[in-house]
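Input: a single structure, listed below in structure tokens.
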Amino acid sequence: MAIPSNLMQFSEDIIKQLTPEEIDEFREAFMMFDKDGNGTISTKELGIAMRSLGQNPTEQEILEMINEVDIDGNGQIEFPEFCVMMKRMMKETDSEMIREAFRVFDKDGNGVITAQEFRYFMVHMGMQFSEEEVDEMIKEVDVDGDGEIDYEEFVKMMSNQ
């Protein structure tokens, strides 16, 4: 089966972005999942690994997970495909963490972080800033200039750290 070149390129781009530490961590996890040591993770091995992590996927869910990253279409996950899968999962976790952090800042739940909410959070985190400093921080991320931080502005701020 021919591999779509754009899918192959996308996977190569993701792998190039990995740090040496991420590659080491992923390789360690891959070797734990690859029970028979043949260099691939089968549906059976993925199922065992997921159950050991407290998940209980159906056979169909396992097949779907493999198919999402199975670049060469052989029904198994090789290390580069595993890296793509792990990086994708990390991105999803990051966005969940950003969403949760936004909820913490947005005390009244109205979808924006006011200067007052931002200041309240900073004080409760033990950070002492003057009114001017808080206003300056908000100005830096307040793209639309409304004096508040909306979700998109917050995501941009958190992503630029």
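Glycine residues also receive a Cβ, built from the backbone N, Cα and C atoms like all the rest.
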Matching residue for the Ca(2+) 3 site, where Swiss-Prot names Asp106, Asp108, Asn110 - out of Glu96, Glu117:
Glu117
Spatially, which candidate from the binding-site residues Asp36, Asp72, Asp106, Glu117 is nearest to Glu153 (Ca(2+) 4 binding site), comparing Cα atoms?
Asp106
Non-local residues, at least 6 beyond the ends, that sit with Cβ under 8 Å of the domain 'EF-hand 3' (93-128):
134-135, 137-138, 147-151, 154-155, 158-159
Hey, of Asp72, Gln76, Asn110, Asp144, which of those binding-site residues are within 10 Å of Thr40 (Ca(2+) 1 binding site), Cα to Cα?
Gln76
Provide the three-state secondary structure of Asn74 (Ca(2+) 2 binding site) computed with DSSP.
coil
Spatial neighbours of the domain 'EF-hand 1' (21-56) far in sequence, C-beta under 8 Å, 6+ residues away:
62-63, 65-66, 74-79, 82-83, 86-87
Among all chains shown, work out which of the binding-site residues Asp70, Asp144 has the most CB atoms within 10 A of its CB.
Asp70
